[in-house]
Amino acid sequence: MRIGQFQLKNRVLLAPMAGITDQPFRRLCARYHVGMSYSEMMSANRDVWHTEKSRLRVAHHAEIGINAVQIAGSDPLEMAQAAALNVEYGAKLIDINMGCPAKKVNRKMAGSALMQHPGLVEKILREVTAAVEVPVTLKIRTGWDKAHRNCVEIAKIAEQSGIQALTVHGRTRSCLYQGEAEYDNICQVKQQISIPVIANGDITSAEKARYVLDYTGADAVMIGRGALGQPWLFRQIEAFLQSGTLIAEPSLAEKCQVALEHIHNLHAFYGEQKGYRVARKHISWYLDNIKPDSAFKRTFNTIADPKQQLYVLEEFLDSIQ
Ligand SMILES: Cc1cc2nc3c(=O)[nH]c(=O)nc-3n(C[C@H](O)[C@H](O)[C@H](O)COP(=O)(O)O)c2cc1C
């Protein structure tokens with residue numbers, strides 16, 4: 001699949017997830033053949049651009065591949081400036097977030113709240129695509145609520161405004177993350193526009209990825225929560241899409257090694273104070289995969305020292321191999 005001048009490695013992408021898809025996690029996913037990954041969303045509000053949090057959110061590493069940065073906001077000019085600034089700092093692709101359901105974001109009329117205002121959507125998309133030379137992509141939901149599923153309308157606006165690929169999460173904003181993602185609306189979007197369409201929502205296995213691609217006709221799939229604690233999922237899906245063969249999961253030893261390396265990298269990336277906190281949720285997800293229902297998971301979160309955290313985890317993983 002191509003987006004602008006970029007030929008993606010394959011059709012299995014990592015979803016942007018605030019607090020999760022940071023540089024260390026994206027590097028791991030790249031090692032396990034993710035087709036492309038996006039940064040965590042970066043606010044278009046210039047007051048926060050120079051904070052440590054913003055700097056870390058868009059930190060890139062050559063191993064990740066295409067440096068795709070997601071921006072969120074509602075003011076067309078502010079969004080255009082944010083896009084241009086990120087390109088100046090090295091972004092090679094800009095994604096616009098119109099899918100986030102968080103109240104904090106929606107109150108500022110950003111994220112999925114924008115889908116209620118197609119006129120404003122068009123202004124934002126036109127300003128941003130005019131402000132940068134790199135490809136601009138858009139991520140949406142199917143609509144604000146079930147009575148207002150306007151993803152086809154927004155998709156057409158996107159195509160006419162110079163957007164080069166569109167991701168659709170198969171839920172409305174009011175669905176939040178409840179119920180099951182539906183793919184009929186994604187199918188309709190695909191039939192109505194000719195830019196690449198990326199299907200997203202509840203894809204957690206190779207078979208499901210195949211099913212969603214076939215059902216929707218989408219050009220690619222995007223995986224979010226399914227990759228937590230198992231970045232190797234991308235390699236399995238890629239192999240299945242290519243050959244129809246389900247390859248084996250990595251060995252327990254490899255999984256343990258990946259988990260340890262990930263935690264080590266989080267400590268290095270976020271520093272002493274923050275690293276061990278960010279690491280906790282990842283460890284919990286790895287354990288769900290490696291050793292579900294272990295009592296260790298419950299005691300682990302009380303540790304508030306990075307060295308101790310790594311030491312105790314290493315001991316535990318050694319003990320189960
Ligand atoms: C913790 C978390 C953070 C997220 N942050 C973002 C974000 O920053 N930008 C965005 O467009 N979507 C965000 N999303 C939505 C995901 O990109 C994705 O659309 C959603 O999780 C559905 O895909 P999945 O079922 O594969 O997880 C987030 C989702 C989760 C669970």
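Placement of Cβ uses the backbone N, Cα and C atoms for every residue, glycine included.
Just so you know, TrEMBL annotations are computer predictions that nobody has curated.
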Where TrEMBL shows Pro16, Met17, Ala18, Gln70, His169, Asn200, Gly201, Asp202, Gly224, Arg225 binding FMN, which of Lys92, Lys139, Lys146 is named for the same site?
-> Lys139
How many other Cβ atoms sit within 10 Å of the Cβ of Lys139 (FMN binding site)?
-> 26
Other C-beta atoms within 10 angstroms of the C-beta of Arg225 (FMN binding site) total 15
Quick one: mean pLDDT on the domain 'DUS-like FMN-binding' (13-320)?
-> 96
Ordered by sequence, the long-range same-chain Cβ contacts of Asn200 (FMN binding site) under 8 Å (at least 6 apart) are Ala15, Lys139, Thr167, Val168, His169, Gly170, Ala181, Val221, Met222, Ile223, Gly224
Which residue, out of the recorded positions Ala18, Cys100, shows the minimum number of other Cβ atoms inside 10 Å of its Cβ in this structure?
-> Ala18
Once near-sequence residues are set aside, which residues in the chain of Pro16 (FMN binding site), 6 or more away, have Cβ atoms under 8 Å from its Cβ?
-> Ser37, Tyr38, Ser39, Glu40, Met41, Gln70, Asp95, Asn97, Lys139
